[in-house]
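A.B. asks: Among the features that TrEMBL reports, compositional bias 'Gly residues' is placed at 499-523. Residues or ranges marked as region 'Disordered' in TrEMBL: 481-538. Here TrEMBL flags 6-25, 76-104, 125-144, 164-183, 195-213, 245-268, 280-304, 324-351, 372-390, 396-416, 423-444, 450-473 as transmembrane segment.
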Amino acid sequence: MNATIATSIFAAFMVLTLALGLLAVRGGARGKGEGGLAEWSVGGRSLGTVFIWVLMAGESYTSFSYLGAAGWGYNFGAPVLYVLAYMSCGYALGFVVGPMLWSYARRHGLVGITDLVAHRYGRRWLGTAVAVLATVCLLPYIQLQITGMGVVVTTISYGAISLNWAYFIGFAVTTLFVVVSGLRGSAWVSVLKDILVIATLAFLAVYVPLHYFDGYGPFLDRIVAEKPQWLTFPGHESGGLGQGWFVTTSLLNSLTVVIFPTTVAGYLGARNADALRRNAVLLPFYNVLLFVPMLLGMAALFVVPGLTGADSNLALFRLVVDSLPAWLVGVTGVAAALSSIVPMAVFMLVIGTMWGRSVLGAVPRLANRQKLWSQVVVVVAGALALLLTYTAPNTLVRLSLISYEGMAQLVPMILLGLVWRRLTLYGAVTGLLAGLVVVCGLVFTEHDPVWGMNAGIVALAVNLVVALAVTWLGPKPVDDRPDAEVLASDLDPEDGPEEAGGGAGGHGTGGNGAGGDGTGGDDAAGDGAAGVSPSPAR
């Protein structure tokens, strides 16, 4: 009976999720017509503060928040607080970086980081290369969300739904949802997700300590008396996650999160730059919720001791299933499942857009169907992640070790390149390659942390040194474009000088621009991206 109740609630909310996606499409269509790639991939650049807030909160609040954060709290304790540190610092950086990237993309009709680098350095092949790198780094996150949702569905169904079927359900719902609704649908569903997340975590924050410990006072007294290692660095048997690791990881991740492809998709979906600034101010309030699974993970030490390995990620849900009625288990499970669906949808959307725009879109005979090919790639990427989840999960687990640290190596190419004209193509590319070699070498030889620091920050330092050295000492490619065409600012494009020419492909940069062929067609960033005089709030 418990399994039937919880599973029925879960099924009803999955149907509601798909319905919201369809309603989002109809709502967008009424205002804009059918729309092209830009409407599907960045919501027609028309999302306001509320939708951007819930969307970007949804990207950062994933199944990790229910499973991984509780698991880290259970296993290590204090080191898990790095999540709060880097996200808060990242939001502060986003106050500056978000409007800058939004303005640059809007002015030149760009729809993702692959377009950004292709336009900045005037080489379409560079966008293709970044698309491949970003796909390698993002695919493990799709797999991790599929895995997380599978674990949640199996747990809340009291084992009635097998893990393999739960994986497939996660893939099927998310793929159908994102192909149909795009970024706008993700924003709409994020509203539902955030309501459930806030409600369930607020309830659990009060209920669990009262139910198991008679309040926070006795609970915290027990931690201090019996588990003091969990309250200080480097935590309990964390393998060297001390203060140096905490600081360097927080710094690295805060720099990376603002250029992460899914974050940039959120930036580019905004109606205006002010929406992003308000969003950066408001998002840290959402981080308060992350304390709940972290604390409850430590509470589980006393209630369900002895969890090891991957089972520790179930610490929070073991508390839920063991103490709550089935309908509440179902609602909590829905909140956790939606915390997988929303970010997974954006990951898949970004991969599809990058390939449809910068890889397949570079083929002349495919260029006029970029939205269609992006949707095809979404299905392929999701299916590949699902297949590897079944057949070779450890492959993607190992890749996930370098996902964030690998994406960090794009920071100089994107952030430095957009504000410093002298950074050359050769410098940016050689720095990127050097950073990737270092981070892969350190991570795969199990030297992370290294010297008490995050291996990614060491690789980023090497990346920056090499990029600067090659820029100063190496060849200087000729680029006759004016600074206003190449560099970014946070000036609203409606207030600044308008650029002549096309979007990601319309500028003939030295004969080999960011797609000098001026790729057009019905889906080439369709609603205005092929031109650079966009109307406000399309």
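Glycine is no exception: its Cβ is also placed from the backbone N, Cα and C atoms.
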A.B. asks: State the non-local partners of the transmembrane segment (450-473) in its own chain: residues 6+ outside its ends, Cβ under 8 Å from one of its Cβ atoms.
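C.D. replies: Same-chain contacts beyond the flanks: 240, 242, 244-245, 248-249, 251-252, 255-256, 404-406, 408-409, 411-413, 416, 422-424, 426-428, 430-432, 434-436, 438-439, 442-443.
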A.B. asks: So what's near the transmembrane segment (76-104) in sequence-distant terms, Cβ-Cβ under 8 Å and 6+ beyond its ends?
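C.D. replies: Beyond its ends, the transmembrane segment (76-104) has Cβ neighbours at 60, 69, 110, 116, 227, 229-238, 241, 245-246, 249-255, 257-259, 263-264, 267-268, 270, 272-274, 276-277, 279-281, 283-284, 287, 290-291, 294, 297-298, 415, 418, 488-493, 496.
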A.B. asks: Can the transmembrane segment (324-351) be said to touch the transmembrane segment (125-144) if we require at least 3 CB pairs below 8 Å and skip pairs under 6 apart in sequence?
C.D. replies: yes
A.B. asks: Same chain only, please: residues at least 6 beyond the ends of the transmembrane segment (372-390) with a C-beta under 8 Å from a C-beta of the stretch. Say none if there are none.
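C.D. replies: Apart from its flanks, the transmembrane segment (372-390) reaches 37, 40-41, 135, 139, 142-143, 146-147, 150, 164, 167-168, 171, 174-175, 178-179, 348-349, 351-353, 355-357, 360-361, 366, 396, 523.
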